[in-house]
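TrEMBL annotations:
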DOMAIN    85-144  domain 'P-type ATPase N-terminal'
TRANSMEM  317-341  transmembrane segment
TRANSMEM  347-366  transmembrane segment
ACT_SITE  ASP410  active site, 4-aspartylphosphate intermediate
BINDING   ASP410, LYS411, THR412, GLU521, PHE563, LYS587, ARG616, THR696, GLY697, ASP698, ARG778, LYS784, ASN807, ASP808  ATP binding site
BINDING   ASP410, THR412, ASP804, ASP808  Mg(2+) binding site
DOMAIN    831-1063  domain 'P-type ATPase C-terminal'
TRANSMEM  865-885  transmembrane segment
TRANSMEM  891-913  transmembrane segment
TRANSMEM  943-963  transmembrane segment
TRANSMEM  969-990  transmembrane segment
TRANSMEM  997-1017  transmembrane segment
TRANSMEM  1029-1054  transmembrane segment
Amino acid sequence: FPKPFPSQEAEALPAAGTDSASDELGLHFSMHRFLESKTRTHPSPHCCRHISSTTAGLPSFEHVVCLRCCGRRDPRPRTVWLGHPEKRDQRYPRNVINNQKYNFFTFLPGVLFNQFKYFFNLYFLLLACSQFVVEMRLGALYTYWVPLGFVLAVTVIREATEEIRCYMRDKEVNSQIYSKLTARGRLGGSSVPANQRVPADMIFLRTSEKNGSCFLRTDQLDGETDWKLRLPVTCTQRLPTASVKTLLKCGCLTVCQNISEDSDPPVNESLSIENTLWASTVIASGTVVGVVLYTGRELRSVMNTSNPRSKIGLFDLEVNCLTKILFGALVVVSLVMVALQHFAGRWYLQIIRFLLLFSNIIPISLRVNLDMGKIVYSWVIRRDSKIPGTVVRSSTIPEQLGRISYLLTDKTGTLTQNEMVFKRLHLGTVAYGLDSMDEVQSHIFSIYTQQSQDPPAVKGLNLATKVRKTMSSRVHEAVKAIALCHNVTPVYESNGVTDQAEAERHYEDSCRVYQASSPDEVALVQWTESVGLTLVGRDQSSVQLRTPGGHILNFTILQIFPFTYESKRMGIIVRDESTGEITFYMKGADVVMAGIVQYNDWLEEECGNMAREGLRVLVVAKKSLTEEQYQDFEARYVQAKLSVHDRSLKVATVIESLEMEMELLCLTGVEDQLQTDVRPTLETLRNAGIKVWMLTGDKLETATCTAKNAHLVTRTQDIHIFRLVTNRGEAHLELNAFRRKHDCALVISGDSLEMCLKYYECEFMELACQCPAVVCCRCAPTQKAQIVRLLQERTGKLTCAVGDGGNDVSMIQEADCGVGVEGKEGKQASLAADFSITQFKHLGRLLMVHGRNSYKRSAALSQFVIHRSLCISTMQAVFSSVFYFASVPLYQGFLIIGYSTIYTMFPVFSLVLDKDVKSEVAMLYPELYKDLLKGRPLSYKTFLIWVLISIYQGSIIMYGALLLFESEFVHIVAISFTSLILTELLMVALTIQTWHWLMIVAELLSLSCYIASLVFLHEFIGKIFYDVYFIATLSFLWKVTVITLVSCLPLYVLKYLRRRFSPPSYSKLTS
């Protein structure tokens, strides 16, 4: 089996209603060690399976699977007991999903560790702890511990909120109710009705369907749109009772590895992948009963996902790097101050005191402002009415959305709706589209009307001679071939008015549902129904069609040749019960059908035209057989199937003897409906400089068609389909062939990708990153995550992964920014993602508007907070150097805390509301997003500019105060601090690009708070900091005004000149 199950012994489960007098049915499921497979999503061809018997007349199952320890434990057999509670000897994981990063015990240690493992927070912790040493203390303890405590409190509250939300989402999913058929224990019998998810990995024991099989929808597990046929264990399906309880009354005895001796001969029966029901798949038909093998963290889908990690944004890492530079500057300034004292006295203590004195160079309020800004960005995203239903599940990385270079997207359910629509019928000389299907309907109606009017004796003659060359006949033959050549089964369900039996007897249209392994086939059959030829019944040996007049046509199925990825075609031989005619119908891809059908001059051209429209093209052909021809073929076919050696080759050779000179009937074009506005969204992303890779578990042809249809690959671009390679030499040759292509999209399968990454990882990634678009098909979940990781390592660029299924969780969690699409097929991806959207088109606005604004706002906010701290640190340095390098603080605790909180906090934080262009302009010109990919809003250049501005303004304010003060030291404090506050308020106004009414309120509020503190706290301030009488004089006012103007006016002039002669790109759009 593909799943790397860890080994544990199964617990004993009591069967519901166990009767001691009942017979015992031994169900044996044991896991044995096998050679490790290279892939985790496809069964090994070397798996051996066998059955043993332990009870007279009743079989038991020994289930042998391919198993990998996956680095956890050595693989061992697993035995599941039913009906023997006394034999339970081990516990099993709870059958729940868990997307939380912490639990109750690890939350606080984990959050604190994630905070203090970065230099920024660790520095402030050490700083605050140093104040417990008396010789190092510079002020009150609260001036250091209160800001640090506030920072940690904000972080803990935010993380706790997200964890609680995550817990509630998981609880909602885990609270789904299923029918459990055993009295206790986690492993045992379970019943799953139609259209419900399979709760755990199970062995399929029984189904309520009459045909003895059921279909599974697996798109949430492996990304494939085709439904999978599953078969129950034969012996349990054939039990004489239909009662589920009777089935599970049988005690289940398991023999582990060694077969127990018994007087009865063993009953041999094989178990295969067709007998399994994986968790997260959906039952498409009937009610199934199975025995649970794996739950919780041992599920196949869970084993294929990685543990959630705490994502740290690139912006936060850049800010952390800047703080290290500031720390270096802090150390240098402190050493210079001590060196200028010639290292006199206890100089090492002086160094520490200067380090504490200039600690404001690294602003502790930076982390608080950035964290609170992230909360505001998340709130704005959730409140955006143009992307309704968007949920921010991780509020720590909104800036990541503004710097995405690679977008990796799933196909099924993300780009497409997984709803196939019949678009085109081409007969060579004429084509019918959606607007002309009524003509097809009229042709079908005329054919069967003519048949009903003709005498029975000449009906066959008319069809064979007179009508054969007419357009109506050609259309009829094509439609009948499409209606017969498939594996679709009509199923009738009760609709509340008509019960199931009556609906099946009368072929009620309102109760009929089509089931098939491929949605393409369902679309074709639904189309034939819309034009008048309806599939009303099918079993293993016959097909029933209904004509427009209500007449039932019966056909006997003689042979079926199912579709395979190697043959790329499927065929069926049927006998018309009314005429006895035997016809061989076949449909398949144009690349294989071109050599099978009779010569024609239009097939290749029209297939290319339809493919360029993004349609999935099938070629339909037929061949009439005489009774003698069929009998000869059947004899050779049966003999080939009984061959011991080269059976597959001999069977294929016999079938190919029929596939010669077939009559080409038509081409069909089916379109997988794209989600709304997928094409303009992808175009917007391309224009923004984002490269899009599509990673899907679907077939190569399907993925290529969707890429064309969605315009992921533009009409002017060539497509290089990387052929299947199985060894190093083939991979080398194919890579050389691909290297010669330029501006070419790449399409590659998962097997070829694995081979290239194994031997030529560096070369392949270098070539792939140069492609305008890449499509990876037949990708396993772990391969998707591997591609994301390689892109991050090889390019150093930010990646965003988008998906909607459980098979996308690993990719979403591995990417720098994970986006889940909450669709009709479940919420597993959206629950594990950082951001959740309802439609793919919302991704454009999420990146172009919110991502761009978040990054630019945080860049401006962080640099302004650094500027604010550097200003006051520069003033402290000037003050100390003037007063003989004394390690004495210029401002005491109250002013220091007030400066970074009530006096300047609101205006500075209001920068999170700033924006350079309107959202409509950002969406209209995605090229504005491309500018952010270079990281210019926060770079060493912009950082240096702000440092120089801070040094200039701090020096002007301090030297101005020293120059203009009159007699007392408190005059210096009053003039400098007031000028500093006014300078900061004016600098905020200078930085703002688009005014918001809250910004004006913040400016006025901060100025009012400062004035109010002078008025109402004058006794407290006057005694310690200010000369209250001096600040009320006209002399104070003009001195403050002059200093403020000198510090700010030159910057306003420079800003005006820059916008006048070298405007930024966004200003050209807003002017």
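Note that Cβ sites are derived from N, Cα and C of the backbone, with glycine treated the same way.
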Model confidence for the domain 'P-type ATPase C-terminal' (831-1063), as mean pLDDT, reads 86
For the transmembrane segment (347-366), the distant same-chain contacts (Cβ-Cβ under 8 Å, at least six residues beyond its ends) come to 120, 123-124, 127, 130-131, 135-136, 138, 147-148, 151, 319, 323, 326-327, 329-331, 333-335, 337-338, 341, 862, 865-866, 868-870, 872-873, 876-877, 880, 887, 889, 896, 900-901, 905
Counts by DSSP class (helix H/G/I, strand E/B, coil) across the domain 'P-type ATPase N-terminal' (85-144) | 31 helix, 0 strand, 29 coil
Could you give the Cα-Cα distance between ASP410 (active site, 4-aspartylphosphate intermediate) and PHE563 (ATP binding site), in whole Å?
-> 25
Taking all protein chains shown into account, the Cβ-based neighbour count within 10 Å for ARG778 (ATP binding site) is 23
Select the closest residue to ASP804 (Mg(2+) binding site) from the following binding-site residues, measuring between CA atoms: THR412, PHE563, ARG616, GLY697, ARG778.
-> THR412
What residue among the binding-site residues THR412, ASN807 has the most other CB atoms lying within 10 A of its CB?
-> ASN807
Can you check which residues sit near PHE563 (ATP binding site), meaning Cβ under 8 Å from its Cβ, same chain, 6 or more apart in sequence, and list them in order?
-> ASN487, SER518, ARG569, MET570, GLY588
Pairwise CA distance, THR412 (ATP binding site) versus ASP808 (Mg(2+) binding site), rounded so that it is a whole Å | 11
Across all chains shown, how many C-beta atoms besides its own are within 10 angstroms of the C-beta of ASP808 (Mg(2+) binding site)?
-> 36
Judged by other C-beta atoms within 10 Å of its C-beta, the most isolated of the recorded positions ASP410, ASP804 is ASP410
Nearest to ASP808 (Mg(2+) binding site) by Cα distance: which of the binding-site residues ARG616, GLY697, ARG778 is it?
-> GLY697
